[in-house]
């Protein structure tokens, strides 16, 4: 292979030739490609005769995972449509695809890959190419990918389970051990594989040394970056991705090891897919713990770590749900005993208080007791139990993050991802294909190619940031539009619902207040707008991330994660932040109201506060999102597969091979688990950021997650082709995002209790203004709170623009929600001393609560180590044994072994 050869890797950004333009002799446009050569790529000389995959008949063994010889295992499947069977007038347009495919397959065989082609039993135009990785190729790729493999038994004693004493009970909540052999502890030490030191590794059977998931991962690695498909002069193009995008191949995927509902009849098959369905994905197993080791073994660490995190999050939610449900029950039981709620409902108090109109001209005066039912419902959520729950959740989220770090560290050790380094990850083909600028690597000091200069990178990032901010502003504009709707709708509802002759609403009249009607309709509209903006922005975020050209797949996912979360954060939470911290805070008073855009009078909160509206908004958005996502996740793949099976109807007596059964399933999304994580992190925000207003949020999240785990398991086990196994050390960029949400949650909950609920004003009244010198009561009491929390307004002080059209003759004053001096006072309509006491108490509460919670979080973070001490010992022991056995022992000619001279630091030992 010449050093002047130039490689072109796949690029999704490259414009692929249209079918109508694919004529013989057509030459690609001139492009510049990376100079760096891949070390193990084998080239085929131009003009040489290329080898072709051997065509073999299907052997009528539907469960077979081997070539026809029954010896060579199938590691990957490639599917293409036979170009020679196209219509004659279109056949010439597919000849270039055929040449690319044949050259690609010949390159695979040149590397050492073995291929066997079999015609479809359903569609005679389709051919399936079976890919087998021989032992030597597996060893070479395992060393390149730094795959860790066992070399000696683990001599550290395993720690007994703390639940062993309750095994008679807990055994019913675990998968059947007779079917799934659970690994109680790591049984073998592992080290990065080196083929020159093969004799030191624990090889019992070469066919079983590399698991099927490892073999599929290595096969995908070869297909992606080690085989060229076209040669033009000194330019070699390689990789499966572009061949799939351009239609050369219709699909590429690893095989499932059996049908999901029938155990494989193949001798020696473990039928892990069947076991996963029976003990994990089947609805009847919803109460069982997840078989994480089997999930990791079958689907790889990336899928395993997602389900481990989701399961751990769900278990932790159970504790929060129990406490939240307790707070809700406490509020429900005490709603009828609340003194201030009784005053609102009392005809002698609330029935005698006339409230001022809440909009100009058309709105009417109304009695306070018309909000009786709403005030009772508010007591369920706005009570002292909610304060305790908010503090509890602030501590809970810290425990969740710290305990997850410990559990994640244990998984890293058990799943051999402790030393999973970034340099182990290959650059993305899209990145490599655009490398045209040269620079010196700051780490290695060697020259390398990059796709942009420092200035070019700055321009790309700036465009990306600008686009994200533009869409965030678009969301804020939609929020303003919804606020305008709320103001207009409240005006309409106040005009109609305050009327006394609405016979058709008589059964619901006491529940349907203008505030409630406006809140429900605005929440529904907000939910629809959120979902529409999500669909639009998703495409924009992917385009921006593609334009930025991240180097590795991890970099790509992290960049897309940050963009999508920023957008989703504003999209989902902005309406909640408006209700919690903006609504009703700048309304003025009836004689001098505040207007939005100079036209719409700002809406006021219910006399009991805006907390019930925030609860309504959260329940609609959170519940609607959960229902929509679960329906979408279940129905879409199921309907697609149903349509595909209907369109390719097969006679019952026809035997279909496993690779063709898998072909009829849906391909897994190229963005992998991104949307699953995003859905859960947004839910985590609802559970933590606004939990002070909705104690039932953890309960809803728990119920949703119990379904989510099984829906995701059912989906990937039964409706999708097998996912290419990938390495992952942790949950990636989602971890710092969760940490940020946890920190923000303390502030938001403190501010909700201080500024959104009515708890602080009630406490100030109880301890200060109910007794001398401000009150007339001899003891601290809540009696008289409603009177003290509503200010008096003289209706003669209405301005011309806001004067109600209908004013009863027997009314001279009305009440409104604020703390201001009454008319006739030297400082009439100015804030009174009660207001300043409340403001001081709110600020003091926020400062005290934040400091106490943050101090508790800091102490917990310090006390709970991220990595358990026992896991640290095991990691050090494994490193030591790897240094001694694999790296330090050198075989000599007489069959003995001697130590190499190496210097080990105390830390390494």
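The backbone N, Cα and C atoms fix where each Cβ goes, glycine too.
The feature domain 'Anoctamin dimerisation' is assigned by TrEMBL to 66-292.
Feature annotation from TrEMBL assigns domain 'Anoctamin transmembrane' to 295-878.
Marked as transmembrane segment by TrEMBL: 306-332 (among others).
Feature annotation from TrEMBL assigns transmembrane segment to 384-404 (among others). Residues 309, 312-313, 316, 319-320, 323-324, 326-327, 330-331, 687-688, 691-693, 695, 698, 738-739, 742, 745-746, 749-750, 752-753, 757, 759, 849, 852-853, 856-857, 860-861, 864, 866 of the same chain, all 6+ positions outside the transmembrane segment (384-404), place their C-beta atoms under 8 angstroms from a C-beta of that stretch.
Look at TrEMBL and you will find 468-493 (among others) tagged as transmembrane segment. Within its own chain, the transmembrane segment (468-493) is flanked in space by residues 358-359, 362-363, 514-515, 517-518, 521-522, 525-526, 529, 533, 537, 540-541, 544, 563, 566-567, 570-571, 574-575, 578, 596-597, 600-603, which lie at least six positions past its ends and keep a Cβ under 8 Å from the stretch.
What TrEMBL records for 513-537 (among others) is transmembrane segment.
TrEMBL lists 560-581 (among others) with the feature transmembrane segment.
The transmembrane segment feature in TrEMBL is assigned to 680-703 (among others).
Note on the transmembrane segment (737-757): residues 382, 386-387, 390, 393-394, 397-398, 400-401, 561-562, 565, 579-581, 585, 609-611, 614, 681, 684-685, 688-693, 842-843, 845-846, 849-850, 853-854, 857 of its chain, located 6 or more positions outside it, place their CB under 8 angstroms from a CB of the stretch. According to TrEMBL, the feature transmembrane segment maps to 737-757 (among others).
The transmembrane segment feature in TrEMBL is assigned to 834-855 (among others). Within its own chain, the transmembrane segment (834-855) has Cβ neighbours under 8 Å at 391, 394-395, 746-747, 750-751, 753-755, 760-761, 763-765, 768-769, 774, 788, 818-820, counting only residues six or more beyond its boundaries.
Same-chain neighbours of the transmembrane segment (680-703): 310, 313-314, 317-318, 320-321, 323-325, 327-328, 331, 381, 385-387, 389-390, 393, 397, 565, 568-569, 572-573, 576, 580, 611, 614-615, 618-619, 621-623, 625-626, 734, 737-738, 741-742, 744-745, 748-749, 752-753, 756-757, counting only residues six or more beyond its ends whose CB sits under 8 Å from a CB of the stretch.
When Cβ-Cβ distances below 8 Å are used as the criterion, the transmembrane segment (513-537) is approached by residues 358, 370-371, 374, 471, 474-475, 478, 482, 485-486, 489-490, 493-494, 497-498, 564, 567-568, 571-572, 575, 603, 605-606, 612-613, 616-617, 620-621, 624-625, 628 of the same chain, each at least six residues removed from its ends. Mean predicted confidence for the domain 'Anoctamin dimerisation' (66-292): the pLDDT average there is 82.
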